[in-house]
Every structure is written in C-alpha cells, then in structure tokens.
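S.K.: Sequence annotations record features per position, and here Swiss-Prot assigns transmembrane segment to 5-25, 39-59, 62-82, 102-122, 134-154, 171-191.
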Amino acid sequence: MTEYALLFVSILLVNNFVLVKFLGLCPFMGVSKKLETAIGMGMATTFVMTVGSMFSWLVNEFILVPLDILYLRTMAFILVLAVVVQFSEMFVRKVSPELYRLLGIFLPLITTNCAVLGVVLLNINLSHGFLKSTIYGFGGAAGFSLVMVLFAAIRERLAVSDIPAPFRGSSIALITAGLMSLAFMGFTGLVKF
C-alpha cells in the first residue's frame with residue numbers, strides 16, 4: 001500500500017508531467033486563462049488519463065503482447081485514447097454544454113495531448129501492472145490538473161495586475177510557469193522512488 005501511495009505522490013508532485021517532464025504544455029498554456037475552464041479541462045483530462053491508462057494496459061497485455069504485434073503499440077494506444085476522449089466529449093456535451101463551449105477545440109485535442117499519450121507509454125516502459133498503471137495515470141492527471149488550476153488562478157490575478165507592457169500576455173505566463181516549476185523542484189527530495 002505504501003508503494004502505491006509513494007507512486008501517487010511521486011507522479012503528482014515530484015515528477016509532475018507539466019513542470020518536470022514538460023508534457024501537456026499546449027493545454028497548460030491555452031486553457032489556463034480562466035479558472036473554471038482549467039477545472040473542467042483538468043477533470044476531463046483526469047478521466048481520459050486514468051481510463052486510458054487502464055484500457056491501454058489491457059490492450060497491451062491481452063492483445064498486443066500475445067499476438068506479438070508490439071510495433072502497433074503507439075497506434076493502438078492513440079486509438080484507445082481517441083475512443084475514451086470521444087466518450088468524455090459526449091458526456092461533457094450532455095452534462096455541461098457551457099463547459100463544452102468553454103473548452104472548445106481543446107476537448108477533442110486531449111487525444112493528441114502528449115501528457116495523455118506519455119502516461120500510457122511510460123506505463124509500458126516502466127513495466128507497471130494494472131493497478132500501478134491506473135495509479136500512475138490518475139496521479140499524472142491529478143498533477144496535471146493541480147498545476148493547471150494553480151496556473152489559471154495565478155493568470156486570473158495577473159490579468160487585473162499592473163504589469164509592464166513588454167511582459168503582458170505570454171511573456172508573464174511563461175515566467176510564471178518557470179517560477180512554478182522552480183517551486184515544484186522543492187518537492188524533489190520528498191519521495192525516493
């Protein structure tokens with residue numbers, strides 16, 4: 001049980017996909033302008049990464065490995081993720097049309113989010129079992145969501161701040177992301193895993 005908790009904390013804080021591995025930067029910068037949009041994107045990404053990790057592990061273990069077609073891994077995983085994203089898109093459209101409108105093009109683009117595909121490929125490369133893959137996917141998604149929500153809250157504050165003209169927009173956003181990355185480096189010694 002401790003091993004799973006350490007894995008979760010490790011991927012959530014110490015090895016965060018956005019701030020340490022630099023995966024998922026497109027939605028991180030694009031969707032994080034409003035807090036409610038970032039929360040919605042975080043929830044959708046959490047669902048996709050967790051369920052995608054589970055199904056990708058199952059596809060790998062019960063289809064790709066037995067049939068010795070490992071060269072189709074990336075294509076198979078993208079297909080699995082596309083199905084999960086399509087399901088989540090239909091769900092969000094039905095449950096919250098306003099959130100669906102706010103997320104816009106970023107919801108279908110979860111399929112090509114490198115953090116989503118990255119967690120699936122890392123699960124296979126690290127030889128995680130089913131439970132570890134699920135925890136790794138959920139922890140990675142929780143870390144992605146945490147960073148995205150924190151960044152959106154900071155950007156909302158920056159939008160009403162008096163920032164010098166050369167630093168407005170993307171400049172201050174990148175500086176803020178860099179400072180957040182430095183702050184997360186403080187967690188480096190937290191978990192030795």
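Backbone N, Cα and C atoms are what each Cβ position is placed from, and that goes for glycine too.
Source: prediction; values computed, not measured.
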S.K.: Quick test of the contact rule: Cβ under 8 Å, at least six residues beyond the ends. What residues does that give for the transmembrane segment (102-122)?
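M.R.: 17-18, 21, 23-24, 26-27, 30-31, 34, 36-37, 40-41, 44-45, 48-49, 52-53, 56, 73-74, 77-78, 80-82, 85, 88-89, 92, 136-137, 140-141, 144.
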S.K.: Please work out which recorded stretch in 39-59, 62-82, 134-154, 171-191 has the most C-beta pairs separated by under 8 angstroms from the transmembrane segment (5-25)?
M.R.: 134-154
S.K.: If we skip the immediate neighbours and take only residues 6+ beyond the ends of the transmembrane segment (39-59), which ones have a Cβ under 8 Å from one of its Cβ atoms?
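M.R.: Distant Cβ neighbours of the transmembrane segment (39-59) are 24, 27, 31, 76-77, 80-81, 84-85, 88, 92, 96, 99, 102-103, 106-107, 110, 113, 115-116, 119-120, 123-124, 128-130, 133-134, 136-138, 140-142, 144-146, 148-149, 152.
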